[in-house]
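K.L.:
Here TrEMBL flags 595-612 as compositional bias 'Basic and acidic residues'. Marked as domain 'STAS' by TrEMBL: 539-714. Taken from TrEMBL, the feature region 'Disordered' applies to 590-612. What TrEMBL records for 77-102, 129-146, 188-210, 222-244, 308-325, 345-369, 390-412, 432-462, 483-511 is transmembrane segment.
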Amino acid sequence: MTHGSDCCTAAEDGAESDQQQPLILERVEKEKGKSCRTAALRRLKKHCSCTPKKAKSKILGFFPILKWLPRYKLRDWILGDAMSGLIVGILLVPQSIAYSLLASQDPIYGLYTSFFSSIIYALLGTSRHISVGIFGVLCLLVGQVVDRELALAGYLTESSITSSNNSAILLAGPGNGSVEVGCDRSCYAITVGATVTFTAGVYQVLMGIFQVGFVSVYLSDSLLSGFATGASLTILTSQFKYLLGLKIPRPQGWFTLFKTWYSLLTNLGNTNICDLVTSLVCLLVLIPTKELNDRFKAKLKAPIPFELFVVIIATLASHFGHFNTEYGSSVAGDIPTGFLPPQLPLWSLIPNVAVDAFSIAIVGFAITVSLSEMFAKKHGYTVDANQEMYAIGFCNILPSFFRCFSTSAALTKTLVKESTGCQTQVSGLVSALILLLVLLVIAPLFYSLQKCVLAVIIVVNLRGALRKFTDIPRMWRANRGDTSIWLITMLTSSLVNTELGLLVGVLVSAFCVLGRTQQVQVLELGRAATKEHYEDLSSYRGLQTHPGVAVFRYEAPIYYANQSLFKRSLYKRVGLDPVKEKTRHLKFKKKKSKQQKEVAKDPNMKSEGKNACEDEDVEATATVNLMLDEKSRSLHSIVIDCSAILFLDTAGVNALKEVRKDYGELGVKVVLAQCNSSLLDTLERGGYYPDIKGGDGGENSIVFFTIADAVRYVQSLSAPNGDCDTKC
C-alpha cells in the first residue's frame, strides 16, 4: 500500500514535472524566395495557359447567363420576372425621356440607352435584382460635359435655335463619327455624349481586368444601407414636383435637397389641382394594396401588379378626360419611333473628355456595386464585383455606338423591380422587350400617361428604404459605430450630394476602424486559480497575480499610428514610466556634478559642501527609491501577451525594442509570449530577436509559446539560487 502510494506520488511528481517543462516548437524552414523572373514566368504560364476546362470556366464566368439560365425555374419565377419587367419597362418610358433632357440629349436617346443596357446587363451581370439604365447623377455629369463641349465648338444655345427634325438629319449623316457641316447641335451633342460614354466604359473594363473590384469589400452593410436611405430621400424629394404638377427645373450640384424644397415652397401657389388629385387617389389605392401584397407575399406566387392596373386606368382617364389640354397636366408626350444606324465615337474628342469620363466611370461602378451587394445580401446570394465591372463597362461601350449615354444601376427602378416580384435577370429582358415595343409600335399610346402617376409608383416603392429610420434606436443600441457610419452616409447622400455620400461613407468606415485601434488600452492579466489561464483582472473575479511579475495584453495591432499610444498605456498600467525615471536620474546627476564643481572652486566650503552633497545624494536616492517602491513595489519582470496583436510594422517593432530597453535600464526585464508565426517573422526581420536561428542571441532570443512558460522563466531569474536548467 505504501509502495502504491509512493508510485502515485512519483507519477504525480512526474506529471507536474512534465507540466513545468517549457513548450518548445521547431519552426518549419520557409521556402527561399524565388527570383522575380521565375515568379513572373510562373504567373504568366498560369494565366496564359489554355485547357478546355479553363476555357469553359472563363466563358461561363464572363457570360453568367449561361450558368443560371439552364437552371431557370419557369413555373416559379416567370410570372414575377414578367410582371416586374413589365412595370419597370413602363416606368422607363417617361423616366428615359426626362433623364435624357438632363444629359442634354433628345428624348429618343434615353430610350435607346435603357433598351441596350437592359439586354447587355442581363447577359453579363451577376445581380438578379438591380435595374441598369439611366441614373440621374450620371445624366447630370454627362450633361455638363456636353454643354461645355457644345460651347467650345461654337454651337448656339438650345433656346436660340429653331426646332427641326433632328432624327432626319442624323439619318442622313455619314455615321463614321466625324462632324460635318450637316451635323447640327443635336447631332454633335449625342456625339459628345457617346464619346464620353465609350471612354468611361473603357475605364471600367480596364479596372475589371486589373481586378479593381476588390474595393467592394470596403462597402459595409451600414454604409450601403445609409447610402440607399439617403438616396431614397433625394429621390422622394425629386418626385414632389410631379405629385404637385409643378414645372420647376431640376437643381444641379450640391445641396440639391435644399434647393428642391426651396423651389417647391416658392412655387407652391402654382400647384396643378388635377395632378394633385390624381396623385392623392393613386396613393390611396397603391399604399393599402402594396401592404396587402407584402403581408400575403408568402401565399402569392407573384405579387398582384396593382401598379400596372393603376397605370392603365390613369392613362385611359387622362386620355378621355383631356387632362393635358383641359387642365394642363404634365404627360409623357410624343416619343419618336425607330432606330438609327451605328456610329463610331469621335476619337479626336477623347483627350478633352478623358478626365470627366474617369469620374463618371468611378461613380457608375460604385453605385452599381453598392446596390448589387445590398440586394444580393438581402436575398441570400453573391455577386462578383469584377464581373459587375465588366458588365457595366460593356453597358457603356457597346451602346455608345448606337448613340447612347452613360448608365449604371438605378436605385428607384431597382426598388420597383424588387418589390414587384423580380427573381432573375430575365426581368431585364422583359423590360427591354417593352422598350422595343415602345420604340417600334406603341409609343403614341403613352402620350397621355401622367408623370404624377409614375411619381406615385416611385414614392410608394421607396417606403421600404424609408422604414430604416424606425430602426435607428435598435441600431444605436446594437452598435454605435455602425450607426454613426449609417447616419453620416445617409445625411451626406441626402443633404449634400449622392455620390459624395458613398465616398464619405467609405472614408468614415476606414477612420472608424483606425479609431478603434487608437482607443485600445493595455490590460493587466491574472491567472485562474485552477488552470494556467490568464484573463483581464478588471473583467473577472478570483484571478491571481504573481509577486514581482506583471502580465499585460494589448488587443490591437501595433503600428505607426498607435505605437506611442501603446507605450503610454503600458507605462500607465505598469505604474512606472521608465523615460521619466531616466530623466530624473539625469537631472540628479547634473545637479550633483554642478555642486561638486562649486565645492572644488571654494576650498573653504569643501567640507561643508561635501556633507551637503552627501546629504542631498542620500535624499535624492531615497526619493527615487521611494518612488519606485510606490509605483512598482517589487516588480522585476513584465510579460506581454501578444496573442491579440495581429501584425507589427517597423514602428511597432521599434516600440517593443524601446520598451524592453527602457525598462531594462531600470532593472525590469520584458519578455513577449504567445506571438504568432507572422509576428515572430516580423520581430526577427526587425532585429528584436538577434541571431535567433544561430542561437547566439542570448536571453533576448528566447521565444515563449505560453504565458505560463514566460512567467516561470522570469521567476527563475529572480530566484536567489535560480537553476539555469529551468530556463526555456
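Just so you know, the numbers here start at 1 and follow the chain as drawn.
Keep in mind that glycine also has a Cβ here, set from the backbone N, Cα and C atoms.
Automatic, uncurated: that is what TrEMBL annotation is.
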K.L.:
Using a Cβ distance cut-off of under 8 Å, indicate which of 77-102, 129-146, 222-244, 390-412, 432-462 has the most pairs with the transmembrane segment (483-511).
P.N.:
222-244
K.L.:
Could you tell me what the rest of the chain brings near the transmembrane segment (129-146), counting residues at least six beyond its ends with Cβ under 8 Å?
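P.N.:
Long-range Cβ neighbours of the transmembrane segment (129-146): 88, 92, 95-96, 99-100, 102-105, 110, 113-114, 117-118, 121, 189, 192-193, 196-197, 238, 250, 252, 353, 356, 359-360, 363-364, 367-368, 371-372, 375-376, 379, 391-392, 395, 405-410, 413-414, 416-418, 422, 428, 431, 498-499.
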K.L.:
Sort out the residues at least 6 away from either end of the transmembrane segment (432-462), same chain, that have Cβ-Cβ distances under 8 Å to it, and list them.
P.N.:
85-87, 89-96, 98, 108, 111-112, 114-115, 118-119, 122, 232, 235-236, 239-240, 242-243, 245, 275-276, 278-279, 282-283, 286-287, 290, 307, 310-311, 314-315, 318-319, 323-324, 329-339, 412, 415-416, 419
K.L.:
Report, as numbers and ranges, every residue of the chain located at least six residues beyond the transmembrane segment (308-325) whose Cβ falls under 8 Å of a Cβ in that stretch; write 'none' if there are none.
P.N.:
83, 86-87, 90, 274, 278, 282, 285-286, 331, 445-450, 453-454, 456-457
